[in-house]
Amino acid sequence: MHSAILILDFGSQYTRLIARRIRETNVYCELHPFDVSPQFIREFAPIGIILSGGPASTFTEDAPRVPQIVFELGVPVLGICYGMQAMAAQLGGEVEDAQTREFGYAELLTAPCKLFHGIQDRINSDGKPALDVWMSHGDRVNKLPPGFTAIASNAATPFAAMADETRNFYGVQFHPEVTHTRQGKAILDHFVHDICSAGYDWNMPDYVEEAIGRIRARVGNDKVVLGLSGGVDSSVAAALIHRAIGDQLVCVFVDNGLLRLNEAKQIMETFSRNLAVNVIYIDAGRQFLEQLKGITDPEQKRRTIGREFVEIFQQEAEKIENAKWLAQGTIYPDVIESAGSHTKKAGVIKSHHNVGGLPETLHLKLLEPLRELFKDEVRELGLALGLPHDLVFRHPFPGPGLGVRILGEVKYEYTELLRQADAIFIEELRNAGWYEKTSQAFAVFLPIKSVGVMGDNRSYEYVVALRAVQTEDFMTAHWAELPYTLLSRISNRIINEIRGINRVVYDISGKPPATIEWE
């Protein structure tokens, strides 16, 4: 059993980053809504608790409150932004609407304390240690609770961080979880290892053996059915479950006709031939295209593709004798987004295709071996299981596939043109060493024609857009500044090698305001 940090979520857009940063220090943690029950917290038995930021103000009537048990367990507590303000307000301090709001970079001067011990960005002209941090707050603590002292300040925020070192209670008004706070990771590392006394016991080699043991204990001699998509999550889940129970795993691979070039062949070679996994291949491309006829709305396309997949998968799963379990590649961000922790006020932010749905219709028990892992941990696990590097580190691909990379109605002709254009784009990125420098790259088919000149003749053909972004967390993204020579080479190849496309454009929109996918 791992020692664990509990993170209580008060609604900050950065909360997930806290969990990722803690995991990066080789410490296990879980993220749960702020209103979990005292019994849940007691049974979780955390060695430390982190209170996240959030959009609320502590002095409003319906302000979220920290469960009182947090301050009674006798474990270290770190409040971040709103978490610090809530801690201050509930322990006898005061919070006010700040006259000077801080959004962005700020410099803080720090005082000696365990949390900041040995951590600084520089020594200022007065000989005091300074930190460059990222602020995002409109309220501030204006009176410290009894027993607390100020451990960081600037002109706008006299109590930018506070500490009661007797109880190991700390609060920081800034966000140590974001990369903009240069020493943020070191501060969180100090908190979990030096203050909470956490060990370094969260790593993938150990996790593989633990996960295999858990799968065997749960499944016994039953068969497990898994919908294999070829994406990183389902692929790693399949490899892990197969390592645990061998031929008891049966994978169903539904080729919906909306995959990338040669993707179906690669998936079958990797799993059926190389890993000896039992894979049932269903060629359903025509069926999906028939159902998509005349549909132009992106959400309706998603629903149609999802519904068709469920029907086909269910038909095949029902043929498998002694199948008692449905395995899914659900990962921790899916669980967080769907408010997967069962708490009294946990609202669903959005439904996710991997959380819920199929088990009820199939009357199967659910097996989610990656449920507690972040994406980077899933990739690390995939390598530990021997999956090919190219598969483990391939860019994200949407569940509906090319169906949402073709604007408007999906037609067979469009899928063929897009497949070829996308393959050229990715091949050239790999050849130029840019594939792993980008977080996601793909082509988009625009169902409009433009005039061109091919030799001495006028052409009137389709347009393809290229999209490549760089991001750490996919919450925000910057368009990749690919070299002009590379873009020129890609454009020339697409236009010269693919009959039907005579214009290529490059998308230079960031997220926000644009999303990464076009639909």
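Even glycines carry a Cβ here, placed using N, Cα and C.
This prediction places the mean pLDDT of the domain 'Glutamine amidotransferase type-1' (4-201) at 92. Sequence annotations record features per position, and here Swiss-Prot assigns domain 'Glutamine amidotransferase type-1' to 4-201 based on sequence analysis.
For the recorded site, Cys81 (active site, nucleophile), the DSSP three-state label reads coil. The active site, nucleophile annotation in Swiss-Prot covers Cys81 and rests on sequence analysis.
Residues or ranges marked as active site by Swiss-Prot: His175 (among others). Long-range Cβ neighbours of His175 (active site) (same chain, at least 6 residues apart, Cβ-Cβ under 8 Å): Ser12, Tyr14, Gly53, Ile80, Cys81, Val133, Trp134, Met135, Ser136, Thr181, Gly184. Secondary structure at His175 (active site), taken from DSSP and collapsed to helix, strand or coil, is coil.
According to Swiss-Prot, the feature active site maps to Glu177 (among others). Other Cβ atoms within 10 Å of the Cβ of Glu177 (active site) number 28 in total over all chains.
Secondary structure at Ser235 (ATP binding site), as computed by DSSP, is helix. Spatially close to Ser235 (ATP binding site) yet at least six residues away along the chain are Leu228, Ser229, Thr270, Phe271, Gly329, Gly382, Leu387, Leu391, Val392, judged by Cβ distances under 8 angstroms. According to Swiss-Prot, the ATP binding site annotation covers Ser229, Gly230, Gly231, Val232, Asp233, Ser234, Ser235, on the basis of sequence analysis.
Ranked by Cβ neighbours within 10 A across all protein chains shown, the binding-site residues Gly230, Gly231 are led by Gly230. Applying an 8 A CB threshold to same-chain residues 6+ apart, the list for Val232 (ATP binding site) reads Lys375, Val378, Arg379, Gly382, Leu391, Val392, Arg394, Pro396. Residues Ser229, Gly230, Gly231, Val232, Asp233, Ser234, Ser235 make up the record's ATP site, and a Cβ search at 8 Å around their centroid adds Leu228, Val236, Ala237, Gly329 from the same chain.
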